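Here is the structure we will look at, set down as structure tokens.
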Amino acid sequence: MAEEQPQVELFVKAGSDGAKIGNCPFSQRLFMVLWLKGVTFNVTTVDTKRRTETVQKLCPGGQLPFLLYGTEVHTDTNKIEEFLEAVLCPPRYPKLAALNPESNTAGLDIFAKFSAYIKNSNPALNDNLEKGLLKALKVLDNYLTSPLPDEVDETSAEDEGISQRKFLDGNELTLADCNLLPKLHIVQVVCKKYRGFSIPDVFRGVHRYLRNAYAREEFASTCPDDEEIELAYEQVAKALK
């Protein structure tokens, strides 16, 4: 007889109305992990302006997101992810860790470069900061278009060409994607709204990656509304003057 699954509840930041999902890439990351694991779980949005007594008791520190697994409370996104990968494991649940270590660091610089770009108000610095973001996107594009070791036929003398894989580590979503995709989504929404900047078409690998990601429910259905992201960056994104 299969062991009964403990109750799993993910507490995430609420949006501007105090109910729908708010802008938080860490919350979306864990939401995606739980969905990909195929586990039964609930998601509770927490209004950061009006925390309920229950939430205060469960997590006095109030750091979101946090996870309730049975009667255990888990905090810190990285530690929660490690915990879920350890307890929700094969054969009952899929392993989500990337096979190639490089997949975990692909695109790692993008969010920092984006933050510097969007927070800048000095027009004289804008071009260089935009170039920094483009350079980080180019590194990701190179990774996505370069074949992974398991795509390379070592017996063939022919050039393997461009990788056609769907995601960072192959044709299935992994923990690496759960980390990167929510941040890439924010970059797209915020840059378009506050800088009129879109990821250039020349980065075909990045565009292919995003198309494949938006076609997956686990990503598309866990994204906050664009308006929530724009609102979160309303005071952060500095006008050039």
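Cβ coordinates are placed from backbone N, Cα and C, and glycine is handled just like the others.
Sequence annotations record features per position, and here Swiss-Prot assigns region 'Required for insertion into the membrane' to 2-90 based on similarity to another entry. As annotated by Swiss-Prot, N-acetylalanine applies to Ala2. Sequence annotations record features per position, and here Swiss-Prot assigns disulfide bond to Cys24-Cys59 based on similarity to another entry. Summarising the annotation, Swiss-Prot assigns domain 'GST C-terminal' to 93-233.
Around the Cβ of Cys24 (disulfide bond), the number of neighbouring Cβ atoms within 10 Å comes to 23. Within 10 Å of the C-beta of Cys59 (disulfide bond) there are 20 other C-beta atoms, taking all protein chains into account.
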